[in-house]
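First up is the structure itself, then whatever we jot down about it.
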Amino acid sequence: APPIQSRIIGGRECEKNSHPWQVAIYHYSSFQCGGVLVNPKWVLTAAHCKNDNYEVWLGRHNLFENENTAQFFGVTADFPHPGFNLSLLKXHTKADGKDYSHDLMLLRLQSPAKITDAVKVLELPTQEPELGSTCEASGWGSIEPGPDBFEFPDEIQCVQLTLLQNTFCABAHPBKVTESMLCAGYLPGGKDTCMGDSGGPLICNGMWQGITSWGHTPCGSANKPSIYTKLIFYLDWINDTITENP
C-alpha cells in the first residue's frame, strides 16, 4: 500500500504570484501538506493530512524566507469527508475492502484571509475534466523520488501532467481506483507529485479539478501515474459543509 502520510518530481519553481490560492499546512512547526483556499475562511486539503494542531500559511512562495505577502492562521475546526476511512491514519494499514476514497477535508480558519495579489480564492470546477488535458500540480513536496531519501525544496514547485483514464492507475496500483478519483501523470516517468504535495491542487485546462491524494513510491516511476481526489464529485458536500458551519 502507498504510504499515506502526505504525498514534485520533474517540475520547476512556479512563477511568483501564479498560485495565490496555494496553502501550506503545518503540524505545529513542521510542513505537512498543501491545500487550497476555497473561501476566505476555508481551506480544502486531503483528509489524510488530518492532524491535531494545524498551522496554515497563505501567500507563501519560499517557506524559508520572511515574506511580506504571507498570512498566518490557526484552524478552529476540521471536517474530513465522512466517507474517508480515518483508520488509514493510524498504522497506515487498512481493512480488506477499504480504500483511499473520499480523501478530502475542509479546514475552517480562525478568521477570514485578506484577499491580495498573493492570496486569492480558487473557484471550484463547473464542468467535468477532459481526458488527455494538460494539468498542473504544485506544492512543496519532495523533489527526490524516495523512498529512502526525500528532499524538500524551499520554493514551491509546479509540474505539468496529463489527465489519464482511470484504467492506467488501476493497472498500476494494487489499491482500488474509484469513480471519485482522477488519474494523472507522465507515463514515461520522471514527472509526478510526491510526498508532501498531498492536499494541493491539480488544475486541468485552467480549471481546478483535483486534490493530490496518493501514488507509488518512488515517485515518478514509469507507468505509475498518481491519484487525485475528483473535486466535481464533491461540490455539494463542500458547499453544504461551509454553509452549515459558519
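The first residue you see is number 1, and the count goes up from there.
Even glycines carry a Cβ here, placed using N, Cα and C.
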According to Swiss-Prot, CYS219 takes part in a disulfide bond; indicate which of CYS183, CYS194 is its partner. CYS194
Given 5-24, 65-84, 85-104, which one carries Swiss-Prot's region 'Kallikrein (autolysis) loop' label? 85-104
With CYS135 as one half of a disulfide in Swiss-Prot, pick the other half from CYS49, CYS183, CYS204. CYS204
Provide, as an integer number of angstrom, the distance between the C-alpha atoms of CYS183 (disulfide bond) and CYS135 (disulfide bond). 11
So among the disulfide-bonded residues CYS158, CYS204, who's got the most Cβ atoms within 10 Å? CYS204
Expressed in Å to no decimal places, the gap between the Cα atoms of ASN85 (N-linked glycosylation site) and ASP103 (active site, charge relay system) is 9
Determine, from DSSP, whether CYS204 (disulfide bond) sits in helix, strand or coil. strand
Have a look at the active-site residues HIS48, ASP103, SER198 and say which one has the shortest Cα distance to CYS14 (disulfide bond). SER198
I'm trying to understand the geometry here, so how far is the Cα atom of CYS158 (disulfide bond) from the Cα atom of SER198 (active site, charge relay system), in Å to the nearest whole number? 13
